[in-house]
Amino acid sequence: MKTLNHLNKMKASQQKISMVTAYDYPSAKQAQQAEIDMILVGDSLGMTVLGYDSTVQVTLNDMIHHGKAVKRGASDTFIVVDMPIGTVGLSDEEDLKNALKLYQNTNANAVKVEGAHLTSFIQKATKMGIPVVSHLGLTPQSVGVMGYKLQGDTKTAAMQLIKDAKAMETAGAVVLVLEAIPSDLAREISQQLTIPVIGIGAGKDTDGQVLVYHDMLNYGVDRHAKFVKQFADFSSGIDGLRQYNEEVKAGTFPSENHTYKKRIMDEVEQHD
């Protein structure tokens, strides 16, 4: 079973960490079979699998539902579950209640929060025994304000991001995710921090990489970010669906090969 200690040893020995964002049992099972080190159950499931326009409509119960499914599919993988918008940054009592509910109900290894303003929450959650992963740079929950664009691309912004990253580690974050920032900045942060730093759109010099399952396998996704590489093409499944549709309508499916051979109506008629 992958643990935080395992991830820390990987960083110390300069072994790259692989992470995939997945949302259900079959994708998690495949990730574990592929020996992926970490799985993130991201609130991006709102757009990717629930068809919402953003993450705003994703609830804590949604995250618990999908987190449980992922855990069942990849029980030996280090699993992180997002705290969705509206569940953190409230009062200390509400924040910790939501974090504990998510952590306990999913049996995840950590919860993840976005933004540099949550140091107090990270400290309190850590003290309670809940491991927290921090996410800086482009933070999807704030994309309505900051837009989908490169972050940390000025001297001032880069210096602030380094400061924020250090603050996350000091507060107790166990892993840091950096999204859509210059690669040299990501390298500098990775070198300055002792905790694992996972990049997405942050170059190759972070301690690891994360991509969304559906993006990297071209599964039901219309647009791809610059930093996404497609490692397989699941959209070919559409051809299979078309063929199925045609064969059903033509009456050629199911054939004898897909039909049980047992005949029963002769017995029924004899009984009558």
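We count from 1, first residue shown onward.
Any Cβ shown, glycine's included, is placed from N, Cα and C.
With ASP43, SER44, ASP82 listed by Swiss-Prot as binding 3-methyl-2-oxobutanoate, the candidate from LYS9, LYS11, LYS112 annotated for that site turns out to be LYS112. GLU114 (Mg(2+) binding site) sits 9 Å from ASP82 (3-methyl-2-oxobutanoate binding site), taking the Cα positions as reference. It is 14 Å from the Cα atom of LYS112 (3-methyl-2-oxobutanoate binding site) to that of GLU179 (active site, proton acceptor).
The residues near the 3-methyl-2-oxobutanoate site, meaning same-chain residues not in ASP43, SER44, ASP82, LYS112 whose C-beta sits within 8 angstroms of the mean position of the site's C-beta atoms, are THR21, LEU40, VAL41, GLY42, LEU45, THR55, VAL58, MET63, VAL81, MET83, PRO84, GLU114, PRO140, GLN141, in sequence order. For the binding-site residues given as ASP43, ASP82, GLU114, the lowest number of other CB atoms within 10 Å of the residue's CB is seen at GLU114.
Under the DSSP three-state reduction, LYS112 (3-methyl-2-oxobutanoate binding site) is assigned to strand.
Sequence-distant neighbours of GLU179 (active site, proton acceptor) (same chain, 6+ apart, CB under 8 A from its CB) are HIS135, LEU136, GLY137, LEU138, THR139, PRO140, GLN151, GLY199, ILE200, GLY201, ALA202.
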